[in-house]
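> Got a structure here, written out as structure tokens. Questions coming.
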């Protein structure tokens, strides 16, 4: 992992490296499987000593030459730094050992959240209910705040999507999770692999093969999530990289050098059908003028023109949010 410029005090996390799986299961009782993340299974569990309900993420990864699963350890390192923020899921503990096959097993112990944004949106869609406008606003404010915190610490998430945004149904608290693909970024920008992100929330520069990208990739994802909160439907639902680009171009207009200088030099650029841009207000119903303005600023083609998460928090759309609560 690249060096982080903004080192913060690490959250207190105890690490156990002896006893392996047996030891972890002595401490926690699995209650139910609640999902599978990109890199492992997630269980709702009870800490035997305290009765506290936690989320237990079991990760078994191929090891590198040094015997360390790099993706999981990257996630741990980032979470230790980012856990201090109320909008990033808190890493409580870490257990490491080996299973019977000699593979490294990591149990990451997180605070438990009872749902995620994907389930929350799906429940409203199935009930034919729109998410209330004030709820959309407080969820979006928390998302922008969490992303701004990560970016301020030099971390790109790179896989923001409703499934990775955990929620508390009662309080409407929202927390960013699944930092397994995150990267610290430095200046000048590094070349990054573009085999990342769920297609629907993937920024156009990544789809077009850009090797250099930065925080605006997360902002594009935030904009897609914003539109989905307003409509209960994904804004760009492609099933391949080409289809995803065509969905975007059809709605926002096919980009050119005037709109996005350098776009035709990107590796995956071809001659695409020419579509004229639609108004965002025609695409996303249920948002007021301030909300539409913010959404437009998030979905700019040229990455450098996208609003930052920090600036988004200061947008007039959030003027009536009680920021002390979040």
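For all residues, glycine too, the Cβ spot is worked out from N, Cα and C.
Positions annotated as domain 'Protein kinase' by Swiss-Prot: 28-318. Residues or ranges marked as ATP binding site in Swiss-Prot (evidence: sequence analysis): 34, 35, 36, 37, 38, 39, 40, 41, 42, 57. Annotated phosphothreonine per Swiss-Prot: 38, 193, in sequence order, evidence recorded as similarity to another entry. What Swiss-Prot lists as phosphotyrosine is 39. Here Swiss-Prot flags 159 as active site, proton acceptor.
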> Looking only at 36, 159, which of these recorded positions has the biggest number of Cβ atoms within 10 Å around its Cβ?
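The most densely surrounded of these recorded positions is 159.
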> Note down the number of other Cβ atoms within 10 Å of the Cβ of residue 40 (ATP binding site), including every protein chain shown.
20
> Which ones in the same chain are close to residue 42 (ATP binding site), with CB under 8 Å and 6+ residues apart in sequence?
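Once residues fewer than 6 apart are set aside, residue 42 (ATP binding site) is near 33, 34, 35, 36, 55, 56, 57, 58.
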> Can you give me the Cα-Cα distance between residue 159 (active site, proton acceptor) and residue 40 (ATP binding site) in Å, rounded to a whole number?
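A Cα-Cα distance of 16 Å.
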> So for residue 34 (ATP binding site), how many other CB atoms are inside 10 Å of its CB?
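Step by step: centre on the Cβ of residue 34 (ATP binding site), count other Cβ atoms within 10 Å, giving 18.
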> According to DSSP, does the residue listed as 'active site, proton acceptor' sit in a helix, a strand, or coil?
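SS state of the residue listed as 'active site, proton acceptor' = coil.
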